[in-house]
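Student: Here it is, the structure in full.
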Amino acid sequence: MSRGSIEIPLRDTDEVIELDFDQLPEGDEVISILKQEHTQLHIWIALGLEYYKQVKTEDFVKLLEAARIDGNLDYRDHEKDQMTCLDTLAAYYVQQARKEKNKDNKKELITQATLLYTMADKIIMYDQNHLLGRACFCLLEGDKMDQADAQFHFVLNQSPNNIPALLGKACISFNKKDYRGALAYYKKALRTNPGCPAGVRLGMGHCFVKLNKLDKARLAFGRALDLNPTCVGALVGLAVLELNNKEADSIKNGVQLLSKAYTIDPSNPMVLNHLANHFFFKKDYSKVQHLALHAFHNTEVEAMQAESCYQLARSFHVQEDYDQAFQYYYQATQFAAASFVLPFFGLGQMYIYRGDKENASQCFEKVLKAYPNNYETMKILGSLYAASDDQEKRDIAKSHLKKVTEQYPDDVEAWIELAQILEQTDIQNALSAYGTATRILQEKVQADVPPEILNNVGALHFRLGNLGEAKKYFLASLDRAKAEAEHDEHYYNAISVTTTYNLARLYEGLCEFHESEKLYKNILREHPNYVDCYLRLGAMARDKGNFYEASDWFKEALQINQDHPDAWSLIGNLHLAKQEWGPGQKKFERILKQPSTQNDTYSMLALGNVWLQTLHQPTRDREKEKRHQDRALAIYKQVLRNDSKNLYAANGIGAVLAHKGYVREARDVFAQVREATADISDVWLNLAHIYVEQKQYISAVQMYENCLRKFYKHQNTEVLLYLARALFKCGKLQECKQILLKARHVAPNDTVLMFNVALVLQRLATLVLKDEKSNLKAVLNAVKELELAHRYFNYLSKVGDKMRFDLALAASEARQCSDLLSQAQYHVARARKQDEEEKELRAKQEQEKEILRQKLIKEQEEKRLKEIEEQKKLLEQRAQYVEKTRNLLNFTGEMETPKEKKQRGGGGGGGGRRSKKNGEFDEFVNDDSDEDLAPRKKKRKKGGGSSGSGGEQGEGGEEGEGGEKKKKKRRKRPQKGGDGSDDDEDQAPQPKKRQPKKREKPAKFERTPPSMKGKIKSKAIISSSEDDSDEDKLKIADEGHGRGSNSDSDEGPRTQAKKRIMSDSDSDNANKSGSGAGSPQKSPQSDGDSDNNAWARKRRRQDSGSDNDSAQSRRSSGGSDNESRAASRSPESQRGSDRGSDNEGSARASPNESEQEASNNEKSDRGSDDSD
C-alpha cells in the first residue's frame, strides 16, 4: 500500500513532478530538482520530514540545510515555514547532541542548534512549536532550567492542554524535587490524551517512588510495561522495588528484571550499575568491574558516572588494591552530586590508609554534613580529631564521641577514645569513661581489661594525687601484661617497661626514693637507651643538692642522644641555679641551633629569663642595660608569635616593661595573665612588686600574703623578704620584724636576712628613744635591741656576703647604732624619771580613789539606816491609826437608831432626801456628810440662792444621783495652828458671781470644836511603801480621783482619807445600808465626837424653827434641779478630776495639819447648817 506522494510544480508550466514516498530518489537528486524548479520552502520541509521518517537522516539534514538557502520564499506565510525549517533542523541537532558521547562533537552540535534557534527567534519568536523546541533545548543544557520553565509556562497560558508543555513542566518540577507538582502535570497530560506513550507512566512511577507510594509506583511501572514491554526504565524501577524488599524471592525477581532490561538494552548505564551492585554483594568482583566500567563509558550523565566509579572503587577496595580504589573513589567524588556521599566515605578511608588525616577529616566532614547523626562517621572523626594538636578539633572530637556513646552506650572503643581525649582537660571524667569501658569489657564482652587501660587509669590517679589508687592500678597492669606476654611477648614487655617507669615516678611522689632509684636502674639494665630514666635519676640527685651527680646523669642521657633537648635544658637549669648565667645561656642556645628544636618554647623562655636576670645586677652602663632589655623583650615576643597563649612569655614582657619604667602598662599585663590563670606564682609576686613601686603598700602586703598561702606550703624566705620590705616601706616595723624573724627561723645563716633584721631593730629602737612618752620598759628593750643590731652590723661588716650587699653599708649602720647607744643613757634616765613620776601619780590617784570609796560606803550605810528608821515609824503610825478608826466605827454604829438604818437602807439608790418630820437625827451631820457639800456649792453658783436652801437642795440632789460618785466641795486649808474665827460660825456665806478663772468660795465652818482638834488623824499620810515618794503619793490620790470636779487643792487629802476609811470599814457599811451606795458614811473621829454631834443638833433645832417647812419645800425642788445639773456637768466633773490629780501633793501634810483641816471642815459644815 502506497504511503503517499508529493507533487513538485515545474517552473513556468502547469506540470508537476510526483514523487512517491515509497520510492524516494537520492537526496542529492531531489535537491537538484528542487533547486532547478525554485520549489517553495514548505515542499522542501515535507520532503525532509519524509526522509527523516525513513531514517535517512543524512538526506534529511542535506535537504533542510539546502532549503535554508535555496528554498523559494515568494509565497504567503513563508515566515512560518522558514521558522519551521530552522526549528526542525535545530531539534535534530539537539537530539544528536543528547546521544553524542564525544564532548567536542556534542559541543559543536549544541552550538549549531543554538544558532538555528537564534535565527528562528528573529522570524517568529512566540510560536508555540518554536518555544517548545527551544525549551527542550534548554532542558538538555541543564543550567537553563528556569528559562525552559518560563517558555513552557508561556505555552500553557496560551494552550492549557498542550501535552509537550505539560510533560516539560513535569520534568522541571521533578528536578526541583516538587514531586507532587510533577505528578499533577503527568496526570493532566494523561487526562488530556489517555493514549500517551509509556514514558508518561514511567514518570508517574518515579513520582510515586519519591512520594513513598510504592504500591502505586509498582502499578505505574507495570502499566508502562503493558504499553511498552521494552521500556527499560520501567523494568529497572520494578527491579529496584523488588530488591529493596530484602527478601530472597524479591531479590531473585529483581535480578531477573535487571537481566531482562540488560537483554533489551545492554548499554543502558542504569541497568549496568544496578547489576554491578548486585554482583558486588555476590563477591563476583570481576563482573562488578566489567559492568561498572561499561556503564561509565556509555553515559555522559555525571551522576551515572559517579555511581559507576564508586562501584569500581569499592570492588578494588575490598580486594585491597588501595591505589586503584583511591583513584576511582576520587574520580567518583568529582562526578558525584552533593547528596551522594558514599565515595567521600571510601576516599576518607583511603586517606587514613595513606596517613593524610587532614584530607581524611575533610571527607568525613562532608559525609557528616549530609548525615549529621551517622554513627560510623562521628566515631571516625572523633578518633581523627582526638590525635590532633588543635584544641578546637579536640573539642569537636569530644563532642562527636559523646554523641556516639549516647547512641551506642556499649561501644568500648568510643569510650576509650573519649577517655583519651579527656585525659588532658578533665581527669575526673576521663576516669569515669575508663571505668565505663572497663565495666563493659568485664560484664558484656566477658574479656579481661587490657594492661594499657589499667596503666592509663593509674597515671590519671597519680595526676590527681591518689597515690594509693595509682599504685594499685600500676601493679594490676604489670600483672596483666605478664599474663598477656605469652601471646605477644615483645608488645607486652614494652607495656611492662612503661608501667614500671610510671611506678618508679609514683615512688618518687611517695618519697620512697630508694625504691624509685632501684626501678629506674632495673629498667636501664634491660633497656640502656631509656633516656627518661637517666633524666629522672639526675633530677632526684639535683633535688638532694648533689648537682655534680645530677650533671653526670644528664650527660649519660646525652651520650645516648646527643641532641636531646630535655637533657640540655636540665643541665642549663643547673647552671642557672648556681647563678652561672653564661654557661646556662650557652646550653639553651645550643638547643635553639638544632633544626628540630629551633622554635623550642622552653629554651627561648629560659634565654629571655637570662637576659632579664642581668637587669637585676647593679650596673652603671645604661646602654648595656637597655640592650639586655631589648633582647629579653624580643625573645618573649618571638615566643608569643609562636604560641599566642603562652602566659610565661606575657609575664616576661610585663617584667621588662616594669624595668623600663612603664609600671602602669606592666601592671595591666600582669593583671591579664592573672585573669587567664591564677596558678603561676611569679605573676602574683610581680603584681605585688608593682604595687610596692606605686606605693600601694597595703595591696602589696595582701598580695604577698596570698601568694605565700596559695603556693608555698613551707615558708619561702624570698617571698617573706619581699613581704618584710613592703611592711618596712609602709612603716609597719613591728610586723616587719616578726616576718623577718620567721624567715630567720627558716634560714638562720642568711646574711641578707640578718642585715634586714638589724636594720629593723635599729629603726624601732630609734623611734622608741626619740619618743619622749616611751616608758622605761620600752626604752630598756629598745636599748637591748639596739645593742643586738650593733653586734649584727659589726659581724656583717666583717664576714658578710659581698655579692648580696655592700659591707661598707653594714659598717656605716654599725657606727650609727654606736652613736645611738652613746645617747641611750640620757633616754634611760629620762624614762626612769618619768616612770617614777608616773608611779607616784598612780599611787596618789589610788589613795584618793580609796578615800572616795570609803566615803561612799559610809553614806550608803547611813542612808540605809535612815530608811529603816522611817519605815519603822510609818508602820507604828499606821497601826495606831487603824486602831482608832476601828474604835470610831464601833461607836458610830451604836449611836444609829433603827429608824435611821431604815432610812439609809431605803435611800440607797435614789432619793435619800431627809426632813425634820422624819426624826430628830435626820439633820445629823458627820464627817461623811461633807460629800454633800459639793452640790450645795454648785447650787449657789448656778442660782444665786441662800446657802441654806442650797445646802439642802445639794444634799437631796446628791443622794438622788446615788452611788459613791458624789461631788465634794473643796475647802480652803486653814493656816497651820489656827482654830478658826467666831465670824465663821455666825456669818452666813455670801453668794458670788462666778469668774472665768477665780471663784469665790463660801466661808467654811468648823464642825469640830477646838477641844477635839488634834485627835482626828488623816489616813493620807499613812503609806504602805518604805518611802514617801511621789509615785506612792500619786497612787493614793488616784483612789478618790473622780470625786471632786471643781474643788480646790486642799480637798484632795480629805477625799483620800475618807476613801481609805471606807475601804477599812466595808463590812460595817454593808450591814448598815441596803445598797450601800447612797448611805452616808461615818467620819473618823475620836471618842468625843458624840458630844460635838449633840451640840450641833441642838443648835440647828433652835435656829431653824419655823423655817423648816419652807426649807423643806425648797430642798425638794432644789434636789430635782441638782439632779439634772449634776448629770449635765458630768463631763466637767471628769475634767475636774483630771485637774484634781495635780493637787495630790497636798497629801504630804503632817498629822497635825490633817487634824486642823478636819476640824475646820467640820465647823464649815455646821455653819452651813445653822444658816439653814
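From the backbone N, Cα and C atoms, a Cβ is placed for every residue, glycine too.
If you look up Swiss-Prot, you'll see 921-932 marked as compositional bias 'Acidic residues'. What Swiss-Prot records for 944-954 is compositional bias 'Gly residues'. The compositional bias 'Basic residues' annotation in Swiss-Prot covers 965-975, 991-1001. Per Swiss-Prot, compositional bias 'Basic and acidic residues' is recorded for 1032-1042, 1160-1172. The compositional bias 'Polar residues' annotation in Swiss-Prot covers 1068-1093, 1105-1134, 1149-1159. Annotation source Swiss-Prot lists repeat 'TPR 1' at 41-75. Residues or ranges marked as repeat 'TPR 2' by Swiss-Prot: 129-162. Taken from Swiss-Prot, the feature repeat 'TPR 6' covers 306-339. According to Swiss-Prot, the feature repeat 'TPR 7' maps to 341-374. According to Swiss-Prot, the repeat 'TPR 11' annotation covers 531-564. Positions annotated as repeat 'TPR 13' by Swiss-Prot: 613-646. Taken from Swiss-Prot, the feature repeat 'TPR 15' covers 681-714.
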Student: Using DSSP, how many residues in the repeat 'TPR 13' (613-646) fall into helix, strand and coil?
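Tutor: Reading the DSSP string over the repeat 'TPR 13' (613-646) gives 23 helix, 0 strand, 11 coil.
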Student: Can you tell me which parts of the same chain pack against the repeat 'TPR 6' (306-339), counting only residues 6+ beyond its ends and a CB-CB cutoff under 8 A?
Tutor: 269, 272-273, 276-277, 280, 285, 288-289, 291-293, 295-296, 299, 346-347, 349-350, 353-354, 363, 370
Student: With helix taken as DSSP H, G or I, strand as E or B and everything else coil, how many residues of the repeat 'TPR 1' (41-75) land in each class?
Tutor: 27 helix, 1 strand, 7 coil
Student: For the repeat 'TPR 15' (681-714), give the DSSP counts of helix residues, strand residues and coil residues.
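Tutor: Result for the repeat 'TPR 15' (681-714), in helix, strand, coil order: 28 helix, 0 strand, 6 coil.
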Student: What are the DSSP helix/strand/coil residue counts across the repeat 'TPR 2' (129-162)?
Tutor: 27 helix, 0 strand, 7 coil
Student: Please spell out the DSSP helix, strand and coil residue counts for the repeat 'TPR 6' (306-339).
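Tutor: For the repeat 'TPR 6' (306-339), the helix, strand and coil counts are 27 helix, 0 strand, 7 coil.
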